[in-house]
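Below is one structure; the comments refer to it alone.
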């Protein structure tokens with residue numbers, strides 16, 4: 001931990017949030033047990049990672065209760081402090097959010113991962129109406145909104161625990177405010193409070209089961225198939241090459257959202273595992289796909305397109321993999337999305353600094369396997385994170401190509417707002433690094449109802465029945481996890 005003198009020196013350099021860090025051994029705890037001890041209240045989060053579906057990432061992140069958060073819907077933003085609105089803004093929320101983020105000047109913490117605090121939460125799909133370079137082409141008509149969640153919700157994470165899964169160490173981080181005369185002492189006292197919480201045992205909320213319920217489609221199978229045929233008409237007319245319609249499913253769910261996270265991380269480990277407690281609703285997800293990642297001046301997108309079910313035996317698994325890589329439709333769709341990714345990254349990258357890596361590799365998850373590629377670029381000078389978001393949002397894999405025309409068609413054919421689905425979840429650090437996943441394989445739990453949404457990439461030779469089945473396959477992991485909880489994880 002830095003000394004009072006080091007703290008004062010950093011304050012003199014103009015930093016207005018200064019991290020105090022305490023390193024402890026926590027090898028007898030898991031990220032889940034640490035979350036239960038330190039967080040497990042509204043406006044907290046747990047972020048984990050399993051690389052390539054098979055290997056746990058080195059770091060997990062636990063957000064302690066956030067006193068400040070932003071909610072944006074339409075052209076209005078509310079800033080909350082301890083549950084009370086303390087600031088409001090009317091107009092495009094994105095410049096305001098960027099300016100809010102930029103209020104905080106922090107020094108980097110050596111030897112820790114790139115994320116050590118900042119904004120954490122989501123940008124819902126309807127954020128598209130705030131990107132001025134294409135919003136004028138969208139109608140933004142009033143649609144049914146069964147979830148009623150904010151378009152954007154971001155927490156200001158100034159107290160967190162970073163778990164090093166390799167060493168068994170935990171790093172407790174509390175940001176001090178040097179504008180407060182006793183800011184250093186307050187932060188030290190808060191760290192001691194957190195250490196006290198760590199020493200206590202946590203009450204494990206047992207999942208003993210509840211009544212079994214089935215998921216019901218909001219769209220319906222036949223209307224969805226008709227939607228696929230309508231999109232194919234647009235494709236044959238030359239309007240577009242691909243569109244990704246989606247359908248939402250819902251089911252009664254009265255169990256713990258944290259139990260759902262436990263089931264999902266066991267059933268479908270993915271590069272982005274996340275649990276957000278937003279008070280009146282929870283987001284529980286296991287996304288395989290980056291929307292965009294910024295590390296200093298490098299930017300990465302990772303299109304995923306092409307899906308097969310996992311085999312029941314190693315031989316069947318290999319056969320499904322070979323079948324996927326030899327499927328002309330799936331390959332054509334994936335190549336199209338690589339090109340779209342190159343175009344998106346190219347808009348914000350230096351000339352000649354865009355490259356495709358990991359071209360068309362197979363990644364395997366619990367229920368499905370995908371074709372995956374990497375597109376990387378070196379940012380042009382002066383690019384902001386909102387420039388990056390504007391260039392890459394929404395993901396081509398959740399909209400189609402050309403992207404704007406595909407979004408117009410989605411707006412026409414889908415019956416309700418997408419909400420969080422198809423948007424982005426993740427972190428935007430104080431250091432300006434950003435790591436956002438696409439909000440897929442994601443449940444929203446609100447008012448004793450679980451919602452999950454999934455889409456299918458429609459191209460010229462799509463079969464409506466197959467596309468319907470693809471949406472079922474993609475939702476299967478979340479629905480299965482919910483039913484595992486209903487059966488009881490701890491019976």
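Even glycines carry a Cβ here, placed using N, Cα and C.
Here's what Swiss-Prot has on this protein:
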- 49, 271, 272, 273: L-tryptophan binding site (BINDING)
- 306, 307, 421, 441, 455, 456, 457: chorismate binding site (BINDING)
- 333, 470: Mg(2+) binding site (BINDING)
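A map of Swiss-Prot features onto the structure.
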residue: 49; record: L-tryptophan binding site; Cβ within 10 Å: 20
residue: 273; record: L-tryptophan binding site; Cβ within 10 Å: 25
residue: 306; record: chorismate binding site; Cβ within 10 Å: 22
residue: 307; record: chorismate binding site; Cβ within 10 Å: 18
residue: 333; record: Mg(2+) binding site; Cβ within 10 Å: 25
residue: 421; record: chorismate binding site; Cβ within 10 Å: 22
residue: 441; record: chorismate binding site; Cβ within 10 Å: 30
residue: 455; record: chorismate binding site; Cβ within 10 Å: 25
residue: 457; record: chorismate binding site; Cβ within 10 Å: 27
residue: 470; record: Mg(2+) binding site; Cβ within 10 Å: 19
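Taking every pair among 306, 307, 421, 441, 455, 456, 457, the residues recorded as binding chorismate, the greatest CA to CA distance is 19 Å. Of 307, 333, 441, 455, 470, all annotated as binding-site residues, the residue with the shortest Cα distance to residue 49 (L-tryptophan binding site) is 441. For residue 271 (L-tryptophan binding site), the number of other Cβ atoms no farther than 10 Å from its own Cβ, over all displayed protein chains, is 20. Pairwise Cα distances among 49, 271, 272, 273, the recorded L-tryptophan-binding residues, top out at 6 Å. The number of other Cβ atoms within 10 Å of the Cβ belonging to residue 272 (L-tryptophan binding site), over all protein chains shown, comes to 26. Between the CA atoms of residue 421 (chorismate binding site) and residue 333 (Mg(2+) binding site) there is a gap of 21 Å, rounded to the nearest whole number. A straight line from the CA of residue 441 (chorismate binding site) to the CA of residue 333 (Mg(2+) binding site) spans 20 Å.
Those same-chain residues not listed among 49, 271, 272, 273 yet with C-beta within 8 angstroms of the centroid of the L-tryptophan site C-beta atoms are 47, 48, 50, 57, 269, 270, 274, 286, 287, 437. Annotation for residue 456 (chorismate binding site): spatial neighbours 228, 244, 245, 246, 462, 467, 468, 470, 471, 474, criterion Cβ-Cβ under 8 Å with sequence separation of six or more. Residue 273 (L-tryptophan binding site) sits 20 Å from residue 455 (chorismate binding site), taking the CA atoms of both as reference points. Here residue 333 (Mg(2+) binding site) is positioned 11 angstrom away from residue 307 (chorismate binding site), judged by their C-alpha atoms.
The DSSP secondary structure for residue 306 (chorismate binding site) is strand.
When the C-alpha distances from residue 271 (L-tryptophan binding site) to the binding-site residues 306, 333, 455, 457 are tabulated, the minimum falls on 306.
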